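Asks: Got a structure for you, written out below as structure tokens; questions coming shortly.
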Amino acid sequence: MLQDSAIQDRVAQLKREAARHAVTYIEDGMAVGLGTGSTAKFMIDALGERVAKEGLRIRGIPTSEASAEQAKGLNIPITDFAADPFLDIAIDGADEVQRGSLYLVKGLGGALLREKIVAASARRFVIIVDESKLVDDLGTHAPIPVEITPWGWERAAKLLGDTGAHACKPRMKRDGNLFITDNGNMILDCHYPSIDDPRGLSQSIIDITGVVDHGLFLGMTSEVLVAGLHGIDRLVP
Ligand SMILES: O=C[C@H](O)[C@H](O)[C@H](O)COP(=O)(O)O
């Protein structure tokens with residue numbers, strides 16, 4: 001039996017391989033959304049390698065300051081929505097992927113807003129995860145992060161906690177310490193006892209004035225590359 005650390009090393013290796021595979025979808029001349037998080041980091045590394053070794057000519061839009069720094073360090077050219085309002089592809093990680101629907105929970109690292117804007121702009125949205133992220137019901141392991149404006153945040157928090165069938169227990173991200181996003185907003189992590197109507201929940205959160213967006217990504221995924229101990233699976237909705 002493999003030890004925990006050996007399993008983690010193997011999963012990291014498979015995520016790296018899945019990231020390399022995802023990067024083969026990128027072709028010369030493309031505008032590419034660059035995700036955020038430990039899995040997206042492997043993908044940006046693999047893309048940097050293609051830029052350096054093959055002279056691949058692409059333009060990237062990073063979904064966080066961290067990914068922007070990484071991309072710049074690898075000489076990946078950065079673009080913006082003025083020059084590229086539509087992207088050919090975006091590649092990112094996720095916190096949960098619902099089997100079948102391929103609905104996602106994203107944003108536990110706090111990057112959900114830019115990630116969602118980039119995903120919405122991309123013709124193809126590719127997700128890379130390890131198999132521990134696959135769930136039957138959203139919210140099984142991950143809370144839903146909700147990005148809210150700092151001004152009046154207490155009101156939004158109260159309403160998130162009071163929304164009838166969609167009430168949650170909002171907690172301030174990072175164990176009660178203030179977490180400010182790259183956009184200058186705050187994140188509340190919302191724990192729901194169960195999520196049986198993701199679309200209804202999405203709407204009820206977004207209807208609260210002061211909420212900027214949330215980490216449910218519904219109907220956006222083009223495909224998911226799942227890195228498991230036995231290899232890489234490709235899921236499509
Ligand atoms: O804000 C963070 C992003 O949504 C990440 O893509 C997500 O949290 C997955 O991160 P990781 O690949 O590190 O598990």
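Just so you know, glycine gets a Cβ as well, placed from its N, Cα and C.
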Asks: Write down the one residue from K72, K133, K158 that TrEMBL lists together with T36, G37, S38, T39, D92, G93, A94, D95, K106, G107, L108, G109 as binding substrate.
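Replies: That substrate site, as TrEMBL gives it, pairs T36, G37, S38, T39, D92, G93, A94, D95, K106, G107, L108, G109 with K133.
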Asks: Among the binding-site residues listed here (A94, L108), identify the one with the smallest other-Cβ count within 10 Å.
Replies: L108
Asks: Around the substrate site recorded as T36, G37, S38, T39, D92, G93, A94, D95, K106, G107, L108, G109, K133, what other same-chain residues have a C-beta within 8 angstroms of the site's C-beta center?
Replies: G35, A40, A111, E115
Asks: Around T36 (substrate binding site), how many other CB atoms lie within 10 A of its CB?
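Replies: Summing over all protein chains shown, T36 (substrate binding site) has 28 other Cβ atoms within 10 Å.
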Asks: Look up K106 (substrate binding site) in the DSSP assignment and reduce it to helix, strand or coil.
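Replies: The residue in question, K106 (substrate binding site), is coil (DSSP, three-state).
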Asks: Give the helix, strand or coil assignment DSSP yields for A94 (substrate binding site).
Replies: coil
Asks: Could you round the CA separation between K133 (substrate binding site) and E115 (active site, proton acceptor) to a whole angstrom and send it over?
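Replies: K133 (substrate binding site) to E115 (active site, proton acceptor), Cα-Cα distance: 18 Å.
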